[in-house]
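Report on the structure given below.
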Amino acid sequence: MLVLAILARLLTPKDFGIVSAAMVVVRLSEVFAQIGIGPAIVQRQDLKTVHLRTGFTISCLSGLSLTGLISLLAPQISVFFHMEELIPVIRGVSLVFLFQGISLVAESLLQRELQFRWLAIIQSLSYAVGYGIVGISLAFLGFGVWSLVIAYLSQMAFKSIFLLKVKPHPKRLALERRAIAELMYFGGGFTLARIGNAIAGQGDYLVVGRWLGANALGLYSRAYQLMTIPAMLFAKILDTVLFPAMAQIQTQPERLRVAYRRGVALIALVVLPSSAVAYVLSPELIIVVFGPKWLEVVMPFKIFAIAMLFRTSYKMSDSLARATGAVYKRAWRQGVYAVLVLGGAWIGQFWGISGVAFGVFGAIMVNFILMAHLSLVELSVSWRDFFIAHISAIPLTLIVLSEVYIVTTALRNFAMPAIIILIVSIVIITLTMALLLRFASKIALGEAGIWMFQTLLGYVKKRRTSSTSRVNG
C-alpha cells in the first residue's frame, strides 16, 4: 500500500492507464501461456518426472511464442485502444512471459508441497525489489510510465530467479505424448475457465480503455485495485494454501464440507466489516493513499466497496471447484461472468467510470451466486447453511459501521484533515475489536472466528516455544 501511495503521487492517472491497457493484453494472454499446466501439476496425485519435464517444455515454448506474437501485434492493439504510445509499452511487458515460462513448474511444485512460507517470502521480496526499489527510484528520476513497466519486469524476473533457486527441478526438455494428454485433460478444463475468468477480470479495463481513454482507465483501475486488495490476499491464500490442501482431501466429502463452511464464514467475518469501513471512509482513503488529484476515484470505489464481499467470497468456491476437479462446470460459469462483465461495462461506460463500476458490480453478484451454487451442489450443502455461515459477520459489521459513521461525521463537521479522520477511525476500531475479543468474542466473532483466533494463538505459542527451545538448546 505504501509503494502504491508513493507511485500515485509521482505518476499521473494517464501513466497508470497506459500500463493498465498493456496489462489487459498480458492478463488475457497469460491463460494461453500457462495452458493450465501449473494447476495440473498441483492437482495430479501420480506426478512423475516426465510430467515435470513436459510441463516445463510446454510452458517455456508457450511463453516464448506469446512474447513474439504480442510484440508483432502491438501496433494493432494500440489502434484498438486509440493509444499510439502503447506500442513500446506492450512490447516491453510482453517479456514477462519468458520469466513466467521458466518458473511455472517450480512455483507449482512449491504449491503442491504446501511450501507457503517460501511462496510468501518470494512474492514479498520480488515485489519489494521490483516496485519498492526499482519502480519508485525510476519514478523519482522522471521515467514516467516506464517506471511501472520496468518495475513489473523486475518483479517477475526476480521472482523467477528466486523460485528456480528455492525449488530446482528437472529442466531437460521433453514432449512425451502421454504426459501431455494427462496434463492437458485437467489443464484444458482449467484453461477454459481461466479464459472466462481473464475476460471477466480484464473486460471492464478493455471497455474503459477503448471508449473512455487512458486517463479514465488510470482512475478506474485504482478504484478497482483498492477493492480487490482483500480479494487478492484471500485468493493468494486460497491458491497457495487451500487449493493444495483441498486437492489432498478431495475424496473426503465431510472434511471438504467443514473446510468450505468455515472458509466462507471467515471470509465474511473479515471482509464484510472491512467493506463497511471502506465505504464510509472512501474519500479519506483515496486522499491519503493516492492524493487529492485522484478524487474522481471515490464514487466507483464506493460501489466496489459494496461488492467487496461478493468479489472475495466467490474465490472460495473457485478453489473448491479446482481442487475437486470440477473444472468444466466452473468453465461455463466463468463464461457467463465474462459476458456479463463486458456487457455491464459497455452499458455503464455511457455514464463514465462510475457507470462501469455499477455494471461490473451486477456481474460480480451473479457470479457469486453461480459459483456458490456449484460448491453447494458438489458438497451437498444447503443454501440455508450457506447463508447461516455469513450471519456470524453481521453483528461485528453493524458495530463497526455504526461507530465509524458517527466518528467520521463528527470529524468532518470540524473539517479535520483526511489523515486524522483515518487514524482516529482505525484507533477506535482497534480498541473496539480488543474489547469485543475480551468480553464478547462469541457474539462478535461467531464459531468460525473463535476457531481462527484460537488457531492463531496456538500457532504463536508454538512458535514461541520452538524459539525458546532453540535458544536454551
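Glycine is treated like the rest: Cβ placed from N, Cα and C.
Those TrEMBL annotations? Automatic predictions, nothing curated.
Long-range contacts of the transmembrane segment (16-42) within the same chain: residues 8, 51-52, 55, 58-59, 62-63, 66, 70, 77, 81, 83, 85-86, 89-90, 92-94, 96-97, 100-101, 104-105, 107-109, 111-112, 145, 148-149, 152, 182-184, 186-191, 194-195, 198-199, 201-202, 205-206, 209, 213-219, 221-222, 243-244, 247, 322, each at least 6 residues beyond the stretch ends and with a Cβ under 8 Å from a Cβ of the stretch. The feature transmembrane segment is assigned by TrEMBL to 16-42 (among others).
The transmembrane segment annotation in TrEMBL covers 54-74 (among others).
The transmembrane segment annotation in TrEMBL covers 86-106 (among others).
The transmembrane segment annotation in TrEMBL covers 118-139 (among others).
Positions annotated as transmembrane segment by TrEMBL: 223-243 (among others).
Remote same-chain partners of the transmembrane segment (264-282), defined as residues 6 or more beyond its termini with a Cβ less than 8 Å from a stretch Cβ, comprise 226-227, 230, 234, 298, 301-302, 305-306, 308-309, 312-313, 315-316, 386, 389-390, 392-394, 396-397, 400-401, 404-405, 408, 421-422, 425, 429, 445-449, 452. Sequence annotations record features per position, and here TrEMBL assigns transmembrane segment to 264-282 (among others).
Residues or ranges marked as transmembrane segment by TrEMBL: 294-314 (among others). A Cβ distance under 8 Å defines the sequence-distant neighbours of the transmembrane segment (294-314), meaning residues of its chain 6+ beyond its ends; these are 8, 13, 219-220, 222-224, 226-228, 230-231, 234, 264, 267-268, 271-272, 274-275, 278-279, 282-283, 285-287, 353-354, 356-358, 360-361, 364-365, 367-368, 371-372.
What TrEMBL records for 335-366 (among others) is transmembrane segment.
As annotated by TrEMBL, transmembrane segment applies to 386-407 (among others).
Beyond its flanks by at least six residues, the transmembrane segment (414-437) meets 277, 281, 283-285, 287-288, 396, 399-400, 403-404, 407-408, 443-445, 453 of its own chain at Cβ-Cβ distances under 8 Å. What TrEMBL records for 414-437 (among others) is transmembrane segment.
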